[in-house]
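I have placed the structure first, in the form of structure tokens, so that the comments after it can refer back to it.
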Amino acid sequence: MPRKRKISSNDKLTASQIVEVLEESQNVDEQGPLEIDDTIDILPISQFTLGLVSPDQTIQSGVDEDLEDVGNQEKIDPDHPAIEISDDEETADEPSLPKKSKPASVKKKGGKQKDDVWGCFSTTKLNNKISASCKKCGETFEWAKVERLKKHLHVCNKQTDTPVNQQIPSTHQNDMPFFLHDSENPSVSTEVKTQQKLPALFTKLTNEKDKIDMQVARFVYACNLPFSIVDHPEFVKLTYLLKPKPPTAKTIGGSLLDRVYSEISEKSKLTAKSKFATLMQDGWSAIQQSPIISHCINVEATESIYVNAVATKTETKDAKYCAQLAIEAIEIAEEKFECHIGAVITDNCATMLSTRRNIEELRPGIWTYGCNTHYLNLVGKEVVSIDMLKKVKEVQHFFRDKQYPRETLKISDGLQPVLPCETRWNTQFYCLQNFIKNHSKYLDIIKHPKCGVNKEISATLTDLCFYKSAETVMEAMLPIVDAISKLQHESATVSYAVHHWINIKDNCGLEGVAGCKFFERMESALTPVVCAAYLLDPYYRGEGLPNNFREKGQTWLGDKNPLYVSAQIKLALNDDKFYDARLMKKEILRGDISLSGAQWWEHMGVLLGTKLPIGFSKLASELMLLPASTSPMERCFSTMGSIMTETRNRIGIEKASCPKTPTTPTTPKTPTTPKTKDKKVWGDPEVFRPERFINQAGEIVNTKNIISFSFGKRACPGEVHTTFVSFSLLTLMLQRYKISSLEGEPKPRLDLRLGFSIKPYPFKAVFTQRILQQ
């Protein structure tokens, strides 16, 4: 039987050749191991390979120590990572391989050459007995044989190397082992790999495509991009350059959306399961100015998870309505994520104060408090006087909006003017800071006649007292800005927030600032549960807390259990005889390997056992897990307006499959008569009478009994165009063709049939081309 031509690495496989290889592969699996005498050729990257083997390497099968290596082996490029595979699925497609270099001349030594497997072992010869030790795992073989070493190397590579099986699909037991040889340096350590079959290769490519589609989908969802972006020609060109075909917008908005949602939901459930969590509620207005109330949960001050968002539409966002939404969100979160919701944090408008009271009434035992960063932001706004901020804004507007000052400021390397924004925290501070840094450049620019500065702005810039006052206010705001920035962190807790309130009270000197309601804001922010958390914090232990707030926290603890107050006082007194002395050192609560407040109380509870009041350590550890603000939630919902159900989401299976059932007894109405079929108006509506709508002069009669589609202010804008096109088309057809009925066929019917629209019955006609005379 003639031998088939071997497929070269430069050949392009046709469909029939692929089928042939697949059939041969199947026969090999059925008949047993395949004996190969020739060198195996591996296709280059452009022909279905993954770039795992360099074209500069020679691959041999069935190598044994009794066989001599082939003399014309090619040189391996030592800089080319032939069999190194990245764990990252996004780097599976490697760039084109380096060009083949000419093999260098190798001086052969006499005798039988050693098998390359010896390069992976350290050998020792003693009394004609060779022992070998694996360089990777250190296992020793007292009587080393090539077959044993190969088997060990194959297992050792799988256990210690980057797992190739993550990148290459598993292969059949009959697949052929091969070795990578370096003809120039035979002693180089080599690894035993298994050549994958062609069917497995196609499976691999399919899996890679699926992974890439999923990652593209995650990118689109994370960046809040429209699904149609994947159909944009430039995006399609980009992905084709990277090899795979991109997913379509339909797939992004369909199956991939479901898969990514399920995957994220499952991960979120694993994160929150059986853990303490705090519900966060806040409201926004979407891009379309539609009101939204959103909910997230903060899991043990480590991670925030989205729960739901409700478009309130015409509902009034009063305290009762917001409290009911919060209770519903708590039930959803506890059922979906299997966590325990122990507290609720909201923003600080007047409605939310009543909402928190309603939540405590509807669900006794839950703790409620306000967002500390919201309160501090209000304090920051009140530190800057309205008159000062107005003058600074006028200056900043002038240098931002006027052409000559703006461009001159750029040339002089000044900073871009910053303006305060009501919906952004700390912007008043950044506006003052920008004004002070640019002040000297502003003074230089207004001296030029082209600047055209008015008297008010010139007076503000040249007023040295105003400049000094702005500097003083900015310095007073520094602790507030620092607190707002730090409390936005995911792990910031309420006890840490109380520490910043005390720092601002002691160092900012806000008592004499007119219009600043600092102490009123502090009183609202430091609720009893927040004060209790600060008193039980193992690091702060109530240090520096004013007496009125200390009494508030101790009263809250006493209502839970009078013995809790005693345990708190012993902590404040640093009683290391009652508490474990090793844990009373504050150093273990700060640093890279420090304990968190919750961990400290859990460990202390284990050590002291029944010495502590019942439930005290559990209560204290949960107080240490309360987040300081709703800032993590705002990061989740910063682009919420673009992804609400009304504007973006598809209907979904659940919505479409939900039947509509009337809630009250309903009597169907009798069928109504269409206006064009009413015999009281038309007499014989089935008969076609043109005189009803057109007179003898050919003018249209606008009867009052029916309003035609083409009359009035809402006439179809495309009617004139359609009429003109239809008239032109019919005229051109009649000019060029003579239309007649087909002999033996009935004439076309004049009545119409009902379908999606009213249309004539089908008929056959003959079109005879007219001979046009010049």
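Here the Cβ of each residue, glycine as well, is placed from N, Cα and C on the backbone.
Owing to the predicted nature of the structure, the values given are computational and were not obtained by experimental measurement.
According to TrEMBL, the heme binding site annotation covers Cys716. Sequence annotations record features per position, and here TrEMBL assigns compositional bias 'Basic and acidic residues' to 72-82. Residues annotated as compositional bias 'Basic residues' in TrEMBL: 99-111. Look at TrEMBL and you will find 659-674 tagged as compositional bias 'Low complexity'. The domain 'DUF659' annotation in TrEMBL covers 247-392. Marked as region 'Disordered' by TrEMBL: 69-114, 656-681.
All protein chains considered, the CB of Cys716 (heme binding site) has 10 other CB atoms within 10 Å. When pLDDT is averaged over the domain 'DUF659' (247-392), the result is 89. Helix first, then strand, then coil: DSSP counts for the domain 'DUF659' (247-392) stand at 73 helix, 39 strand, 34 coil.
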